[in-house]
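Novice: My questions will all concern the structure given below.
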Ligand SMILES: C=C(O[C@@H]1C=C(C(=O)O)C=C[C@H]1O)C(=O)O
Ligand SMILES: [Mg+2]
């Protein structure tokens, strides 16, 4: 550690202890400093033993990575006004925090990272016992790698009886551990896997197409579960390393809570806000990648002109454009989708750009957008009601917003798909697809099989 930073940190701790004593209450101190380069996955691995769990985020552009260890503060919420609850809790924390952050880079300082359940009205099963309906975490330590520069934020909750010297000693020890070089443990190996009720799921797709043909709904997204057994307790850090290496154009995320870890590599941005500039993504319509370049181009061109996939995609474009237009100006949406290539598959993609009106926050937009017709359907209420009533899967945090926001109104949330819930020596993988009136159950089933591939391959399930 550079000595000046330690001296400044010591002064900041003194200031926080004084503030805690004068207000007779705990005080959050957030201290950000530049640090020498360190691999964020190593930082994540070093944080294994920290109380409260770890977080990880790598944006699709590869320009921002966040790794967090421990938990300084937890914000939880539930029910239909959960986003508003989160907003007011976050505002109060930031107003009262002592923030030492001369850097003011997006993703530095006191950031809150976390996720939400897909449907707060659906009964929860034991599968998601370690995850509340909604949770945002301020990590005790956050490594931010932004445009190649490294910053460490220490978030400390100081109490009136704390001694500054004790706090500084603990900080120095924990920071040294986190920033030390390390060798990643071995990744998991899948010893067996089993699909959950595949035939019943195909029958449900057929039922959904019948419901759509009867009128009232245009699209219903249906998801299913694949369970895998590992040969041993799974280490998360090597899985994140493999995802970061193999899944380009995707957001890599992990949220450890209790004994479990929800992680994934999702191509689907929900919303990014930086300096009031808003970027959202319409991603729906899927095809595999070709083995040869010629075959890949043929499949891609076929996807671009396929009636069923174009209708699936257009429902998403219309909804997001309408939702963004209600709170933004200068809304720009291309007339036609383009191909969005991933390692194992390709999607139809339409970006939505806008400028946020004053008074709106990123959680306002998350609330407006979730669930988009890419994960719920259209109309939203009717399609989510069908999913709630008929889908056997407990989606938990799958298919819902996951991401971060900082103290300067910057932030980014993605839709948590291509994901898995890791529970010691076993895991549940999730994949879904948009069902429209022309959907064929077998084809949708095959589409979900392709969507399991990215996460299954890094869990040691297949090459
Ligand atoms: C629901 C998922 O993917 C969504 C559905 C898609 C489709 O049906 O074409 C494509 C991308 C996603 O918006 C998933 O991967 O689980
Ligand atoms: Mg589809």
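Cβ from N, Cα, C; glycine included.
All TrEMBL annotations are machine predictions without curation.
Pasting the feature list from TrEMBL:
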- 200-451: domain 'Chorismate-utilising enzyme C-terminal' (DOMAIN)
- 219: active site, proton acceptor (ACT_SITE)
- 268: active site, proton donor (ACT_SITE)
- 312, 447: Mg(2+) binding site (BINDING)
Novice: Can you tell which of 268, 312, 447 has the least company, meaning the fewest other C-beta atoms within 10 angstroms of its C-beta, among these recorded positions?
Specialist: 447
Novice: Which ones are near the residue listed as 'active site, proton donor': of the recorded positions 219, 312, 447, which have a Cα within 10 Å?
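Specialist: Those close enough: none at all.
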Novice: Name the residues of the same chain, 6+ apart in sequence, whose Cβ is under 8 Å from the Cβ of residue 219 (active site, proton acceptor)?
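Specialist: For residue 219 (active site, proton acceptor), the qualifying residues are 212, 311, 312, 315, 373, 377, 378, 383, 434, 435, 436.
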Novice: Can you tell me whether DSSP puts the residue listed as 'active site, proton acceptor' in helix, strand or coil?
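Specialist: Note: the residue listed as 'active site, proton acceptor' is in a strand by DSSP.
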Novice: Is residue 312 (Mg(2+) binding site) helix, strand or coil when read with DSSP?
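Specialist: Assignment for residue 312 (Mg(2+) binding site) reads helix.
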